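**Q** Pasting the feature list from TrEMBL:
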ACT_SITE  H319  active site, tele-AMP-histidine intermediate
BINDING   Q104, F293, L294, Q295, D296, Q297  ATP binding site
DOMAIN    13-337  domain 'RNA 3'-terminal phosphate cyclase'
DOMAIN    184-284  domain 'RNA 3'-terminal phosphate cyclase insert'
Amino acid sequence: MESEVMEIDGSVMEGGGQILRVSAALSCITGTSVKITKIRAGRSTPGLRPQHLSGLQLVSDLCSGSLQGAEIGSTEISLTPGKIHCGNHTADPQTAGSVCLLLQASLPCAVFADGPSQLVLKGGTNAEMAPQIDYTVKVFKPTMEKFGVHFDCDVRLRAYYPKGGGEVMVTVNPVKELQPVLMTERGKLTKCYGRAFVAGVLPYKLAKDMSSAAVRTIRREIKDLYINIPALQEKENATGNANGIIIIAESSTGCVFAGSALGRKGVYAEQIGAEAAEMLLRNVRHNGCVDEFLQDQVIIFMALAKGTSRIRTGPVTQHTQTAIHIAEKLTQAKFTITKCDDELSNDDTFLIECEGSGAANAHM
């Protein structure tokens, strides 16, 4: 007897790629067939773009699934999952689409495979509207380890918009089940570090200017923090022309936050550095334990974990609300969001709590 198909409206809430990534991953893990309609209906170019298509094909490949409607511009797809299997899997949108967004869709699936997986992800490593690969390695990865998820990330070739052509190899080890996490005490900020880079034909001075502006901006608000943001010239392991910066702050309790920015035509390097620093500062002012970008990425893992997870955070983003909406549709997880009212909180401090569904890896 055919299992029931879960219909998902791709235009609700965030209305973009987030719905596709979370829905496809949870379909793969739970064995629930999904039909996603009105994909990116409100966007200037509705329907699947190459990056979304590549991510869906990767998830379908991971679970030996059947994927219908999978073509550029399609506003409706159906995924009927099979069994998740380990091995080598490749995704290549042949654009500068973010490798990190490809990983967001595929990592949860690989965690529930029957052995280690190697994911070869191609595209842009440092792209707009997505985490930079440095964020994935320095912020996302250590947080995943709290859930019991372990992966290695080998950045073989960095690449940027509009050319793309980068490559990252991610090796993922499966788990029996995910552990719940408690991240409710931020502690004090202990250090701040990062990288300001230029690649291709752009002058090294841009990297130095971004770094200097970032340090000045942070120092105006936090006087006595150790800060080290070296200026780097990307040479052998990069293709294309770009400049950018990522700044990471760590706390005494092991919380990690980041701010980042990429160079844009007509924008001074000092402004790019200051933008990244302001983003970081905004994400530590609320005294939460995750920043606005990690917030939505942990939702799927909270939903799948066995037990209750609690994460203290800043304002709850629409991406996070969308991830919760899909997670509650496709799993038995239950989320609650409450305002924090202790002495360390302010109007922007919240607690996201989840009673996880306790997904188990049938292969282990």
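Each Cβ is built from the backbone N, Cα and C atoms, and glycine gets one as well.
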**Q** Rounded to the nearest Å, what's the C-alpha distance separating Q104 (ATP binding site) and H319 (active site, tele-AMP-histidine intermediate)? Just drop the number here, would you?
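**A** On Cα coordinates alone, these residues lie 13 Å apart.
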**Q** Cα-Cα, whole number of Å: L294 (ATP binding site) versus H319 (active site, tele-AMP-histidine intermediate)?
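**A** With distance taken Cα to Cα, H319 (active site, tele-AMP-histidine intermediate) is 10 Å from L294 (ATP binding site).
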**Q** Can you tell me the CA-to-CA distance separating H319 (active site, tele-AMP-histidine intermediate) and Q297 (ATP binding site), as a whole number of Å?
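**A** Per the Cα atoms, H319 (active site, tele-AMP-histidine intermediate) and Q297 (ATP binding site) stand 9 Å apart.
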**Q** Just give the helix, strand and coil counts over the domain 'RNA 3'-terminal phosphate cyclase insert' (184-284), going by DSSP.
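**A** Split into helix, strand and coil, the domain 'RNA 3'-terminal phosphate cyclase insert' (184-284) gives 33 helix, 37 strand, 31 coil.
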**Q** Other than Q104, F293, L294, Q295, D296, Q297, which residues of the same chain sit close to ATP? List them in sequence order, counting a residue when its Cβ is within 8 Å of the Cβ centroid of the site.
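**A** Neighbours within 8 Å of the Cβ centroid, excluding Q104, F293, L294, Q295, D296, Q297: P131, F140, V290, E292, V298, I299, H319, T320.
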**Q** Given a separation of at least six residues and a C-beta threshold under 8 Å, show me what packs close to F293 (ATP binding site) in the same chain.
**A** P131, Y135, V139, A258
**Q** Near the Cβ of Q297 (ATP binding site), how many other Cβ atoms are there if near means within 10 Å?
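**A** A 10 Å sphere around the Cβ of Q297 (ATP binding site) contains 25 other Cβ atoms.
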**Q** Need one number for the ATP-binding residues Q104, F293, L294, Q295, D296, Q297: the maximum pairwise CA distance in Å, whole number please.
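**A** With Q104, F293, L294, Q295, D296, Q297 as the binding residues for ATP, the largest Cα distance is 13 Å.
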